[in-house]
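Participant: Okay, handing you the structure first.
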Amino acid sequence: MMRLAALVIFINIVSLSEAQHEPGYCVFYDECGRNPLLNNTLIDPIVPCLNYTRAKLVTGDHYKILKQVCPMFDQGESSTYACCTIKQLGSLEKSLTLSKAVLVRCPSCAYNFAHLHCINTCSPNQSQTVKVTRVMNVTEQNRTREAVLGYQAFIGKTFADTSFQSCKNVRIPATIGGYAIATMCGRYGSKLCTPQRWYDFQGDSSNGLAPLDIDFKIIQEGDTTGLPEGVIPYNGVALMCNETTPTGGDVCSCQDCQESCPSVLPPSPVAGPFTLLGTNGYLVISIILLILLILSFVLYLSVSCDKVTEKIIHPSEVTCAETNSLAAQAYLSSQFRIWGTIMASYPLTVLLLSLIVVAVLSVGLKDIKLTTDPVELWSAPNSRARQEKEFHDTYFDPFYRTNQVILTAPGRKSHIYDSLLFGPQNFSGIMSKELIIELLELQTRIQNIQFWSDDLNRTASLKDVCFAPLNPNNPSLTDCAVNSLPQYFQNSLDHINAKVNMTELGVTKEVDWRDHLIYCLGSPLSFKDITDLGMSCMADYGAPVFPFLAVGGYEDDAFSSAEAFILTFSLNNYARSDPKFKVAMQWEKEFLKIVQEYQKDPKNSFTFAYMAERSLEDEINRTTAEDIPIFMISYAVIFVYIAVALGEHSSWKRLLVDSKFLVGLGGILVVACSVLASMGFYSWIGIPSSLVILQVVPFLVLAVGADNIFIFVLEYQRDVRRPHETREEQIGRVLGNVAPSMLLCSLSESVCFFLGALSTMPAVKSFALYAALAVLMDFALQMTAFVALLSLDARRQDNNRCELLCCIKVSKQRPKKPNKGFLMPFMKKYYAPVLLHRYTRIIVIVVFIFMFCGALFLMMNVKVGLDQELAMPQDSYMLTYFQYLNKYFEVGVPVYFVTKKGFNFTSVEGMNAVCSSVGCDQFSLTQKIQSYVAIPANSWVDDFIDWLNPQSKCCRLYTNGPNNHFLNEKTGLICAKRCLARPDNDTVRPTVAQFNRYLPDFLTNRPDLQCSKGFVFGLGAYDKAVVRDESGEIIASRFMAYHTPLTNSQEFTAALKMARELADKITQGMRLVPGTSPDFEVFPYTYVITYVFYEQYLTIVNEGLFNISLCLLPTFVVCCLLLGLDLRSGLLNLLTIVMIVVDTVGVMTLWSIDYNAVALINLVTAVGISVEFVSHMTRSFALSTKPTRVERAIEATAKMGSAVFAGVAMTNLPGIIVLAFAKAQLIQIFFFRLNLVITLLGMAHGLIFLPVVLSYFGTYIIFLWVLYV
């Protein structure tokens, strides 16, 4: 028997070697049956019969089919010869159909691909290009014949290279920009694919498509080395991708063929930094301004005469404006004196009425709404982003909820795996079987989460809330979209452990999970790998897992060198009113619990970061609750300071009598009542509050209120009761002296905030409204309740009764002389004279000019944005997750380009304006998107056209069923016809009727092997991407792409700006298509709130300038009006406040405080606090009767400066310092750092710069009035 087998083999070898290679002859002909060596193939492996014979003349149906499948052989029906039968042509067409389905977007590529295989199978000169290398007897229908199981195909290098070049850039839109050739080059993928590797894969029978082994030999022209005698390598004409096909096919599109791309002007270079004289332009301007200001000051000093006394002006020289100013001051003082006397005379009645008013307004707190949604806080309802989000959420499901774990294994060494198929491959330390199995165990544990749901009234699990793209209505656990590396093994431990011996090129070696993984990471769309393992790469839920969703931390697509595993569970994003929203939240809570338990397990091998969709909200709420005690301590410290600092402390025996504990408590209560009244009123009328309001408004009102309290109380303590003057009259007179100043500041701040409410940003608008009313209420309560409270306290003090223990009296009498305290004498004797010394003043002006110019330069370099990490406490697990996300993720957030109603997708012009395949416009929607984003958009229009293409087997109709029903599943009715006839030019475009008929079928087409691109079509990919109305018109659709990785708010903002510019260009181009509505629009939309949140940073600089300018205007106007049209005082006031704001922004740059909406609110607050530092001093200077400006400045600094220092600076600083211990980074940066900067700069400008400026440029109107009177 063995001898017989040996004889047969010998005869076969001899016969093969004797075969002649000459024109007009075949080496095989007809079909012998299935290849007995192949199993589990994707198509039947039908092999040809060995038959050295002349080529046959083809006629009739044989000719028609040959002309359709292999048109390059057509020489006319009477002159066309071929080496293939009708059956062979049918098998060839079937085989080509599966491959051409991914290549048909480029007709010249598809033509070249068919050309190659037609030459091998049907060429009339087959024997000249093919050498049979292996045959075997095959029995089919009781007939045994010699079948060809392998052959060599000789191809010229020019033909091979041109064919490859025409195909290498053809894309598969639904695979997020993937290349078709990646699925046709085996282990090498698209990046390492070459012509030889491309042909090798096509000829490898283990790929599930090739019915036999084909050894492609690419021969350089003129090289005959090793060629069998008579063999002539085929070197016919291969088409370039920018050429039309002989059958009328158009050139390939720009997206699939770089040579087809139109020549366009290069984009305008990005504007570089502003420069002057070859250096930073802002620095040059700041230096020039510094020099000009200093020279101007020097010039002023040189021409002015700083006299000891000023010229005495005769009353007749007083102008009308000056007279009005004096009259305004006198009128305000007299009115407040009367008011104060009345309030002090009926303290209990006033307190009761004040309490009633506050209580009535505070009742509104029962209806308070606290806004925590970032969308509602930072985006105006009528903003573009909000309107786009509303449109998207109306027509499309919200983006699914992401729950993710990013795992690393630091410290594990990488190793080189010498693969039989792929050669030496570097595997990182984390790429080990035991870690993959451990990851699978964690994944399985999470997948099996179960819990009781009150909303469902049963036990709930992942399948109740998961995103299941291919079975959304009744999913099982395996239908849930879980993206991870074990999905390449269908989450099967058996698949991971599988291994088999395999022979390749005469070398036998074991292949295992590593070979399968290498292949799948390069070809995630494959149903079968090229190893003898024969396993699929598709996930168990039926879709591909793209490598950037499974691994991270790699370079240049070296996926096996990845440093991280990525495990992602996707849940449906239900509306908050949907009962399943709570179920999803519960599942995420259980998810976090399991992951945290796993992290604490000492046996786990990973270092990892994790997050759930709810994590951001959870962590913000946690830190808010934890930092409430910090704010309470801060206010307590301020209260203790006020209570202590307001006391007179003339003698330890009168300590309890002269203390002002109750007055300090009353001042705090006045602030609290004003805030409560403001919040209650706005809650009553339906304006929501926010955490920013709760944190900032009390601080602001406390700063304003404490300052006024100190000014009032210290003025009363320093005053001596006049003869025959009652206590109530004294309080009224003191109030008349200080209340105009208090009114000046409070009215300036309140008007400032009311104007700030014109802001379009909801958080800024609501803050401004709440702050404006709170400041007004604070002033009103100080003029009423606090005056009454001070009257009661003064009565107690006059009777020498102890505070808190009113029944106890002390014998020690109150001193007759006024109590000036410690601070006022110190400032009058030491601080003011030193500050206002001739040389000190010059130094101060120069230093502050330098500070201002330096701050101007720094202000131009302040970073705009708010990174989401800052919203987290320092001990939050989310900070680690953000670090891992930025380090290991290789793509950014997904972005949709959404089309609105008004575009006719059913017309040929409409399809061409959108698609990117053959026949499409060069500047279509998808072509433009490709030129901007990291990963091109998937296009339902392109894939719909490909799905309809008669050269694919995707769209078929029953011919023996009722009404030609659509065939989308395997059924008994296997007789099917193409949905569309083959077009003459290979450019498939359905008619309007065909478009409307087949689109619903396309969108609901469940993936199967019948359509080789089925897993990227229809259900799961596009079923939610197209929205049609009852008439069938498309009223909304979307095209998804991906941004590049974005790591900070500046990059997110730039991406938003770029996406909008791109969408505007797309809109303009599509509006030119006939029949398009003039209001048709395309807009970008991305994950959850990304664009909605970052939109503010496109306009926040202008928004800030607008708001701060509105705040500065009333400070100037009110100051001028209340000082009787005193323009000079108003301008000096304004100048100092501007300098404080500019210097604050400059220090923000130095201290890494970004400019954003929270910072803007604090800067608006800074204007209000600056008014307190500045306006009191300005008015005190104007009221002084000293003969020179320097003396008036000394008096104002000592008298009012001491009160401002004690009331504003020392009130704020202790409370601010306490905030440094808060856990939330937002509070540390924007409430501790920024408020500390505001307070220190306000104090420096108000108590150092302003007195010096007033000593040079201050008004003298009030001095004239004294002389005049």
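Placed from the backbone N, Cα and C atoms, the Cβ positions cover glycine too.
TrEMBL lists these features:
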DOMAIN    627-792  domain 'SSD'
SIGNAL    1-19  signal peptide
TRANSMEM  282-303  transmembrane segment
TRANSMEM  344-365  transmembrane segment
TRANSMEM  628-649  transmembrane segment
TRANSMEM  661-685  transmembrane segment
TRANSMEM  691-714  transmembrane segment
TRANSMEM  734-761  transmembrane segment
TRANSMEM  839-860  transmembrane segment
TRANSMEM  1104-1125  transmembrane segment
TRANSMEM  1132-1153  transmembrane segment
TRANSMEM  1159-1182  transmembrane segment
TRANSMEM  1203-1222  transmembrane segment
TRANSMEM  1242-1268  transmembrane segment
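Tell me what's around each of these sites.
Facilitator: Within its own chain, the transmembrane segment (661-685) has Cβ neighbours under 8 Å at 354, 357-358, 361-369, 635, 638-639, 642-644, 646-647, 693, 697-698, 701-702, 705-706, 709, 713, 766, 769-771, 773-775, 777-778, 780-782, 785-786, 789-790, 793, 803-804, counting only residues six or more beyond its boundaries.
Long-range contacts of the transmembrane segment (734-761) within its own chain (CB-CB distance under 8 A, at least 6 residues past either end) are made by residues 329, 332-337, 339-340, 378-380, 383, 704, 707-708, 711-712, 715-716, 719, 767-769, 771-773, 775-776, 778-779, 782-783, 787, 1096, 1100, 1103, 1106-1107, 1110-1115, 1117-1119, 1122-1123, 1157, 1160, 1164, 1167-1168, 1171-1172, 1175-1176, 1179-1180, 1200.
The list of residues near the transmembrane segment (839-860) in space but at least 6 beyond its ends in sequence, with Cβ under 8 angstroms from a Cβ of it, reads 280, 282-283, 285-287, 289-290, 293-294, 297, 301, 1139, 1142-1147, 1149-1150, 1245, 1248-1249, 1252-1253, 1255-1256.
Distant neighbours of the transmembrane segment (1104-1125): 321-322, 324-329, 332, 740, 743-744, 747-748, 751-753, 755-756, 758-759, 764, 768, 1131, 1133-1134, 1137-1138, 1141, 1155, 1160, 1163-1164, 1167-1168, 1171, 1175, 1178-1179, 1182, 1261; these residues of the same chain sit at least 6 beyond its ends, with a Cβ under 8 Å from one of its Cβ atoms.
Residues 692, 696, 699-700, 703-704, 707, 711, 740-741, 744-745, 748-749, 752-753, 756, 761, 763-764, 767-768, 771, 775, 1100, 1103-1104, 1107-1108, 1111-1112, 1115, 1119, 1123, 1126, 1129, 1132-1133, 1136-1137, 1140-1141, 1144-1145, 1148, 1153, 1192-1193, 1195-1197, 1199-1201, 1203-1204, 1207-1209, 1212, 1230-1231, 1234-1235, 1238-1239, 1242-1243, 1245-1247, 1250-1251, 1254, 1258-1259, 1261-1262 of the same chain lie 6+ residues outside the transmembrane segment (1159-1182) yet bring a C-beta within less than 8 angstroms of a C-beta in it.
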Participant: Between the transmembrane segment (1203-1222) and the transmembrane segment (282-303), are there three or more C-beta pairs closer than 8 Å, counting only pairs 6 or more apart along the chain?
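Facilitator: They do not touch: fewer than three Cβ pairs between the two stretches lie under 8 Å.
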Participant: Counting only residues 6 or more past its boundaries, what in the same chain has a CB within less than 8 Å of a CB in the transmembrane segment (628-649)?
Facilitator: 655, 658-661, 663-665, 667-668, 695, 698, 702, 706, 709-710, 713-714, 717, 819, 821, 1206, 1210-1212, 1214-1216, 1218-1219, 1221-1222, 1227
Participant: In this predicted model, what is the average pLDDT of the domain 'SSD' (627-792)?
Facilitator: 83
